[in-house]
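Student: First the structure, which I've put down as structure tokens, then a few questions once you've had a look.
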Amino acid sequence: MFRSHTCGELRLSDAGKSVTLAGWVQRARKMGGMTFVDLRDRYGITQLVFNEAVNAELCERANHLGREFVIQITGEVNERSNKNMNIPTGEIEIIVSVLNVLNSAVTPPFTIEDNSDGGDDIRMKFRYLDLRRNCVRKNLELRHKMTMEVRRYLDSKGFLEVETPMLVGSTPEGARDFVVPSRMNPGQFYALPQSPQTLKQLLMVSGFDRYFQIVKCFRDEDLRADRQPEFTQIDCEMSFVEQEDIISTFEGMAKHLFKELRGVELSEPFLRMTWADAIKYYGSDKPDLRFGMKFVELMDIMKGHGFSVFDDAAYIGGICAEGAASYTRKQLDQLTEFVKKPQIGAKGMVYARVEADGNVKSSVDKFYSQEVLQQMKEAFSAKPGDLILILSGPDAMKTRKQLCELRLEVGRQLGLRDKNKFACLWVVDFPMFEWSEEEGRLMAMHHPFTHPKEEDIPLLDTDPAAVRADAYDMVVNGVEVGGGSIRIHDSQLQAKMFEILGFTPERAQEQFGFLMNAFKYGAPPHGGLAYGLDRWVSLFAGLDSIRDCIAFPKNNSGRDVMLDAPAALDQSQLDELNLVVDIKEDK
């Protein structure tokens, strides 16, 4: 037996017991004739004491222990004279009588502490060391608890967990696939699934009316803080349901997770907002509702007064930051530079302060009378001490997106984006299609299997761009944590959808014939939803990136710097797969 207890287990009630512990040396320090060692394992830290007066040889051996040595000790639990109430074991220490060094260690390249001195790159290269840090371990423990609660909740609702294949056919619609060459079928390739979408629909055709799976998915796309090339979905599908049934079931699951994992009771129904309203008032289909600053459109008030920036604009809109009139000129200039950054793209920003006497002082006073500025103030319901920030531009959608970024930045600066406050809502009634400038055609906003709203089906023939989808996203604190839709279960409607998306009948049959054929054998009405497990965990843990809740993540270039992957294959492997590498140089 290597240990009788863990390093986070012993308490004052255990005083006098002989115990054996094993773990890693967090730190060792010599003070006079005593040596103190903090021993760490997954469960906590326990202080060890070596007394030179009692056993000089043992104490000398302890003096040679380095950081991250793996040791086993036996000793007696003793009450500490200088208690550390910041840790659960802080009232006791172990007077060591036996020390075994199980493994020595070279000095790690960064400190194994919550506030480590290691940067992102070095910690990812030595991820196995980074995982020893308490804060990282807690994220993975939270992830484990979440998957347990997900399974418990869905099992209680009659869902079956069914695994679907990892090697599937490629469907180029949407994000890029990761492809896998087949040795046994030269010149042919599998793809890693972007989601189990069509497979779970086939399970509905098969009669498995409530399916779920906690599943790895893969997308070869550009990365950012909330994306990884491989990620985990809580994937679910239900038969004989309408949108309201699905929303009710998975809102219930969200409330269950909040209660069990965060101790937060969400008794009220989640807010609902149409996609059109989300864009109109927040410039985003995933609005952060922890704070206000709803957009106000100012076209009728601000156009036609000789200020060409506004007079030539297709959209003028603003936000009102309560109590922020004290912003200095320097702060306002910094906000202007913020919105002018290339990734945001605004040309500038107009601001106006509401003074103590109710008058409005703006950066464009010479173009506007106080009467017009008062109309603007009333449009915002602004009060003395408030700050109004305005953007304009030739493209309404782009300008709203810029205003969204400004709103989020001001909310951050004012401390309104509290990570311990949760604002949940459903965004519904998405457009069925969106226009792709790159492709020169309509694309499915979600995927080709989304059912249009019944009342909009006639528009498929006359005005497909106006069709709304039976689709819904759950948004928490400005993060899309999940989304889904009612699916098409009629092969004729599915064929119509492929036609609008530019598929020839031959291409539709080649890529999705298996699904179209299945529908001919009696497909039930069905729909579903997929939650992003990584996003849920990072939200509950208060993280800025999903990378911190994944055991072995990729960096922003999609590389695993620890495994040095991806990497070139040996020529023998390429020959076996009948592959030739021909890298085209960028022109």
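Cβ coordinates come from backbone N, Cα and C, glycine included.
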Student: Figure out which of GLU163, GLU480, GLU585 sits with ARG219, ASP220, GLU221, GLN228, GLY532, LEU533, ASP534, ARG535 in the ATP site per Swiss-Prot.
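Tutor: Record check against Swiss-Prot: ATP site with ARG219, ASP220, GLU221, GLN228, GLY532, LEU533, ASP534, ARG535, extra candidate from GLU163, GLU480, GLU585 is GLU480.
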Student: Can you check which of 29-32, 181-184, 197-200 Swiss-Prot lists as region 'Aspartate'?
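Tutor: Of the candidate stretches, Swiss-Prot labels 197-200 as region 'Aspartate'.
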Student: Mean pLDDT, the region 'Aspartate' (197-200)?
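Tutor: It averages 95.
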Student: Give the sequence-ordered list of residues that share a chain with GLU221 (ATP binding site), lie 6 or more positions from it, and have CB atoms under 8 Å from its CB.
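Tutor: Those within reach of GLU221 (ATP binding site), by Cβ under 8 Å and sequence separation of 6 or more, are ALA175, ARG176, ARG227, PRO229.
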Student: Which state, by DSSP, holds ARG535 (ATP binding site): helix, strand or coil?
Tutor: helix
Student: What does the DSSP secondary structure composition of the region 'Aspartate' (197-200) look like, as residue counts for helix, strand and coil?
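Tutor: Split by secondary structure, the region 'Aspartate' (197-200) comes out as 4 helix, 0 strand, 0 coil.
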Student: For the binding-site residues ARG219, HIS446, GLU480, ARG487, work out the Cβ neighbour count at 10 Å and name the residue with the minimum.
Tutor: GLU480
Student: Rounded to the nearest Å, what's the C-alpha distance separating ARG219 (L-aspartate binding site) and ARG535 (ATP binding site)? Just drop the number here, would you?
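Tutor: Just about 16 Å between their Cα atoms.
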Student: Return only the integer: C-alpha distance in Å from ARG535 (ATP binding site) to HIS446 (L-aspartate binding site).
Tutor: 19
